[in-house]
Amino acid sequence: MAIYITNTESGKKEKLVPNTPGVVKMYVCGPTVYNYIHIGNARPAVVFDAFRRFLEYRGYKVVMVQNFTDIDDKIINEANAWGVNFKDVADTFIAEYWKDAENLGIRAANFHPRTTDYVKEIVEAVEKLIAKNYAYVADNGDVYFSVKEFKDYGKLSGKKLEDLVAGARVEVSELKKNPLDFALWKAVKPGEPSWDSPWGNGRPGWHIECSVMSQRLLGDSFDIHAGGEDLIFPHHEDEKAQSEALTGKPFAKYWMHNGMIITRGDKMSKSIGNVFLVREAVKRYGKDAVKLFLLSKHYRTPIEFSHEIMFNTKKAALRILNTLNRFEEKYPYPLVPKRDTFMNDMEARFVEALEDDFNTPRVIALIFELSKDLNKAMDEGKEEEALKRYHLITRVFGSVLGIFERGLKVVETNNQKIIEEILSVRQELRKEKDYNVADKIRDALLRAGVKILDTSEGTKWEMNTEVDE
């Protein structure tokens, strides 16, 4: 079987074939850190964290980069409003991002570069683009990329250069040769932070930062570039143009984009003022309900947000959580069940769904199906059947999607001598036919995560290596 994903550039579902067999290198556009993240910001973080987990589950080594844009007009404006340095604003909201990420159970990427740590490399990249005639210096010291010099401009977004009109996210300036030319370097303005460059003091443009950081950490050509669909144009289009102009090589092999969170007909956005913060959502509805909301629709489709929808999602999540809690009260120390045809078939359905363009709604449906069957198995006293379903929900499906996760409950000990002494006492009890106490010791060790087996060759024991710590 193979993994298929929709590539924005081709508009088609394509088989994932990494540049290096067994290794997937992916870059996910991260937040501009001038405020707390909202549900819309959280969607790509949750979706592509889960996608990375699935790739790892399928045996890939994943090298993931997610950036922080820590210098930007919005950050500067926020710093001026506070009367502090821009770095104080960025540092504050990066720290707050990590709190929200932890509360949502989002794993860190392998690298989280910050724009200001790569200014030297950005200047070097801009110099090369000027030398190759893809960029020009304006009279005021701005440096712009000339889109007409890059013949494939518009390929990612499916737009023709002659049809493009400078619009909502394109900065218009008389200094440009073409309205669609975009800034690689912005000349310093009064009250702004700046860095030295051959064209005078200034700071990086928005698009060049992601090109430089991704290529420095993943190489000139890597596998997957991901982010929200609102970034396709101009941000990702501009990234692709300047990166390929710089190296003469393909930039990202696959482009994945998630749909927007919609509220009252508009995209959830700080600029519109219709945001709902992640921390407020987790506090009101719970982590699992928030992630259930974000994963219940296919990642490429928009999701309508309202408190009524979230309330209903919370009720659905609580049904699952109550079932899991009921199981844990009934069977406090569940181990790993024996694999059988049922488990293999369910896991095959799980894999089939996620290999088909990461179809999380199908997996969510499987979780609800398993939860219903889990309740039935408990009602009928079928412990092993219940354990299979609990295990699939919490340690397979849940572990990959980052939702309803549970690990094996283990009291950790590395003290082999203590365990051996306990087993020695138990063996003496068995010789004296005091099986009742011997069995109590066995059960106590099992609850502590020590599995023992009485064989014809004596008693053997092991710590469960599948514990999710």
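The backbone N, Cα and C atoms fix where each Cβ goes, glycine too.
Owing to the predicted nature of the structure, the values given are computational and were not obtained by experimental measurement.
Record features, source Swiss-Prot:
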BINDING   CYS29, CYS210, HIS235, GLU239  Zn(2+) binding site
MOTIF     31-41  motif ''HIGH' region'
MOTIF     267-271  motif ''KMSKS' region'
BINDING   LYS270  ATP binding site
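Features as recorded by Swiss-Prot, highlighted on the structure.
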{"residue": "CYS29", "record": "Zn(2+) binding site", "DSSP (3 states)": "coil"}
{"residue": "CYS210", "record": "Zn(2+) binding site", "DSSP (3 states)": "helix"}
{"residue": "HIS235", "record": "Zn(2+) binding site", "DSSP (3 states)": "helix"}
{"residue": "LYS270", "record": "ATP binding site", "DSSP (3 states)": "coil"}
Spatial neighbours of the motif ''KMSKS' region' (267-271) far in sequence, C-beta under 8 Å, 6+ residues away: 35, 38-40, 230, 260-261, 305
Chain-mates of CYS29, CYS210, HIS235, GLU239 with C-beta within 8 Å of site centroid, Zn(2+): TRP206, HIS207, GLU209, SER211, HIS225, GLY227, LEU231, HIS236, ASP238
Distance [Cα-Cα, Å, rounded] between HIS235 (Zn(2+) binding site) and LYS270 (ATP binding site): 18
Spatial neighbour of LYS270 (ATP binding site) that is closest, considering only the binding-site residues CYS29, CYS210, GLU239 and their CA atoms: CYS29
Other C-beta atoms that fall within 10 angstroms of the C-beta of HIS235 (Zn(2+) binding site): 18
Cβ atoms near CYS210 (Zn(2+) binding site) (within 10 Å, other residues, all chains): 26
Cβ neighbours within the same chain of CYS29 (Zn(2+) binding site) - under 8 Å, at least six residues apart: PRO44, GLN66, ASN67, CYS210, ALA226, GLY227, GLY228, LEU231, HIS235, HIS236
Those residues of the chain, 6+ apart, with a Cβ under 8 Å from that of GLU239 (Zn(2+) binding site): HIS207, CYS210, SER211, SER214, HIS225, PHE251
Integer average pLDDT (0 to 100) for the motif ''KMSKS' region' (267-271): 88
Protein Cβ atoms within 10 Å of the residue listed as 'ATP binding site', excluding its own: 16
